[in-house]
Amino acid sequence: MAFESFGTMRVNEVGHLEIGGVDTLKLAQKYGTPLYVYDVALIKERARGFKKTFEELGVKAQVAYASKAFSTVAIYQLMHEEGLSLDVVSGGELFTAMKADFPAERIHFHGNNKTRQELEMAIDYGIGCVVIDNFYEIELLADVLQEKGARMAVLIRVTPGIEAHTHDYILTGQDDSKFGFGLTNGQAEEAIRRVMANEAFQLIGLHCHIGSQIFETTGFKLAAHRIMEQLVVWRDSLDFHAEVLNLGGGFGVRYTADDQPLPPSEYVRAIIADVREVAQGNALAMPEIWIEPGRSLVGEAGTTLYTIGSRKEVPEIRKFVAVDGGMSDNIRPSLYEAKYDAVIASRPLEEPDETVAIAGKCCESGDMLIWDLPLPKSYAGEVLAVFCTGAYGYSMANNYNRIPRAAVVFVENGEDRLVVQRESYGNLVQLDLPLY
Ligand SMILES: *Cc1c(COP(=O)(O)O)cnc(C)c1O
C-alpha cells in the first residue's frame, strides 16, 4: 500500500478508498464535499484502549474526552456510550453536552477565563467539577456558589514547568503560560490555601496539561513525578490530600509518516509507574488518575473528502492543485504549519508522478492544506482524501469568505450516518439584520 491506513480504512474491490465499509466516492456523491468522515470503530477502539489499560493496571481512573477537539452532539453521545467523561471549555460546549444528555456528574469544566454566566450554567446543570485556573476564578466561582447556596468539587490547574517537545504555539505546561498556577513559584500553594479555606469548594485534586501532539513519555513522567513529590510536601504542610491527579491529554497522533506516536496505552503505563513509585515511597495514598485525550481519540478517525478544482503551474516552482475547502474546514496548516497526507480517493494505490501543493479556496495566500504532496496526475472533479483530520478540524471551522461549514458523517459496518448537516447559504445570513 502506498499509504499506511488507519482503523478500518482499506482499498476496496474496485480500488477505491473505503472507510468503515463505505466507499468514500459514494459518500462524496451522496453528501457532497468537503465532507468530514469519521471511522466510528476506530474511535471506540481508542476509547476502550485507554479504559482497558487503567483496568489492567488496577488503577481507579476517569478518561475524559477533551471535547474541544471535535464538539458535536453525536460525538458526545458516542463518548457517553463508551463510558468516558467529558471536558468542556465554554458554555457552548456545555450546552452541546446538555443537548446530548451527557451525565452532568462526568463533565469537567476547563478554561482560563470562564465567565460568571458560564459558571452559573455549570452549577445549575450540576457538573462534576470545575478546574480552577487562576485567582480571579477562585473569587468569581466562590461568589457564584455563595449566591446559589451551592458547593462545587474543584481541581486546581498547575503548570509544572515542563516543556513538552512540540510546536511552541500549543505548549501549555511551561511557566510562561496563560494557563494555571505555577507549581514552583508559590502560586499553586497559595491557590490551594485559598480554596481549602472556602467552604463552598470541595478540593478534590490537581490538574496539569503539558502540551499537545507529544510523542514521548518523558514529559508526562516528569510532570507526574514533580506533582506527586509536591503532594507529599503539601500533605505534611497543608494537610492537603489529593484524591485525584489529572494529567491532561496531548498524546500524539500520526498526521504523516514522519509522526511516530506510541500506542496510547504506553503513555498511561509510563505515567502510572511514576505515580506509583512516588506514592509507595512516601506512604501517600494512590490518587485516582484522570486523563484527557482529545486528538488521540478522534484525530486519526477523521478523513476529509474534497473535490479537486483548478490547477495552476508556476514553471520550475510549484504546481498548485486547489480543492473546494481549505482554512475554512482545516485551519491547522495555516495556524501551526501542521502537516497532512492525502490520496486520490478513486486510486489511492497509484504511484505518484508529481509533487503538488494542495491549496484551499479562501482569499489568503496562507490558505494551504499541504505544501508538498506526492500525487499521481490529478484532474478536476476527482476526490482528494486528506487523512487524520478528525481533531481540531470541524471544531475550528469558520465561515471566512462565507463558505458554509462542511457536513460530518459517521461510518461503521458498511453504514453511513449524517451527524452534522452541511451549512446552507440560508444559515449563513440567518443572524444578519438588514438595514432596510
Ligand atoms: C487541549 C487539551 C486537551 C487535549 O489535548 P489533545 O492534544 O487533543 O489530546 C486536554 N486537556 C486540556 C486541559 C487541554 O487544554
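Every residue gets a Cβ built from N, Cα and C, even glycine.
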According to TrEMBL, which candidate in Tyr136, Tyr392, Tyr394, Tyr400 joins Gly250, Glu292, Pro293, Gly294, Arg295 at the pyridoxal 5'-phosphate site: Tyr392
Chain-mates of Gly250, Glu292, Pro293, Gly294, Arg295, Tyr392 with C-beta within 8 Å of site centroid, pyridoxal 5'-phosphate: Ala66, Ala69, Ser212, Gly249, Phe251, Ser296, Leu297, Gly299, Ala391
C-beta crowding around Glu292 (pyridoxal 5'-phosphate binding site), within 10 angstroms: 27
Where the record names Arg295, Arg332, Tyr336, Glu364, Tyr392 as binding substrate, the maximum Cα to Cα distance in Å: 27
Residue, out of the recorded positions Lys68, Arg295, Arg332, whose Cβ gathers the largest set of other Cβ atoms within 10 Å: Arg295
